[in-house]
Amino acid sequence: MAVATPQRAPYPATRLRRNRAHAWSRRLVREHALTVNDLIYPVFVLDGENRREAVASMPGVERLSIDLLVQAAAEWVALGIPALALFPVTPAGAKSLLAEEAWNPDAIAQRATRALKAAYPDLGIITDVALDPFTVHGQDGILDDNGYVLNDVSVEALVKQALSQAEAGADIVAPSDMMDGRIGAIRQALEAAGHVNVGILSYAAKYASSYYGPFRDAVGSAANLKGGSKLGYQMDPGNGAEALHEVALDLAEGADMVMVKPGMPYLDVVKAVKDQFQVPTFAYQVSGEYAMHVAAFEQGWLKRDAVILESLLAFKRAGADGILTYFAPEAARLLRAAELDSAR
Ligand code: PBG
């Protein structure tokens, strides 16, 4: 005999589980979605030819020479990834105190930009504006005799670097250095040189984070930096409101898009920035976030595919318009597979 469901009042006035009961209704009420259009892929570029190196602290990430990068990019373009962010691995011999290699028209980032734009005119190329890959001390600017990172002198160098990247064909220059006033100075210089449609993605709220460790290994600035910290220019992880001040200044100086970095530990900042300014807001799931995810995947402690997509969806929920992530191609493949799945 069937057991009758016990009748018992009062019933819940609202049953949130009703909408969760079916796949179709979950899809219907879902508020946020991740698509390939949200992904920017950061890549590490080597000098020379036919060179490929693993990054020990970022399993699955490789540094590639320009020829191999151009080859590999065919798949990323086919997947529909809108843009790449380029990070050159500068040979030790090309580093100096004044970082002159940063605006050498034949430096790695400039050559990579030309090669990628020639092969894939519709692929967005974002170049990093900061001096740390080019300084012998690994700091993002030029030092005085006491080791202080000089602001205005560094901004002059950053302007030269941004101009040389625009000259090479960069679509967007992305200052990640955190000097004061650099967005306005770069915007003015780009306008004066006729690069009116070269955009600026400002690393507006960039924190002095310990999550950047694997990146510094990847570009080879960790050893140069030794014990040095970037707390004199990058933001204090204890600050939230200051991020809004930074973003307001960068927008007033002419930034087209702003970024918060790192990503997952700073999603409160992403949300605050998007809520307050309603401008294109990006977040960077940085090297340390990638490394800790992959470490857990390799231990079998987290499910790789599901966690990658969940980690990126969280950025969308926080209000990010796009995400810089080392998982970009893998996430794009997963999204494509899911699309084919739901079409069946
Ligand atoms: C350098 C720069 C850094 C990153 C992007 N650009 C490192 C730093 O500020 O020391 C970090 C990216 C990552 O960790 O994935 N200006």
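Each residue's number is its place along the chain shown, starting with 1.
Any Cβ shown, glycine's included, is placed from N, Cα and C.
The active site, schiff-base intermediate with substrate annotation in TrEMBL covers LYS206 (among others). Annotation for LYS206 (active site, schiff-base intermediate with substrate): same-chain Cβ neighbours under 8 Å, separated by at least 6 residues, are SER176, MET178, GLN234, MET235, MET259, VAL260, LYS261. Look at LYS206 (active site, schiff-base intermediate with substrate): DSSP puts it in a strand.
Here GLU246 (Mg(2+) binding site) comes close to ALA204, ALA205, MET235: these same-chain residues lie at least six apart in sequence, with C-beta atoms under 8 angstroms from its C-beta. As annotated by TrEMBL, Mg(2+) binding site applies to GLU246.
As annotated by TrEMBL, active site, schiff-base intermediate with substrate applies to LYS261 (among others). Classification of LYS261 (active site, schiff-base intermediate with substrate) by DSSP places it within a strand.
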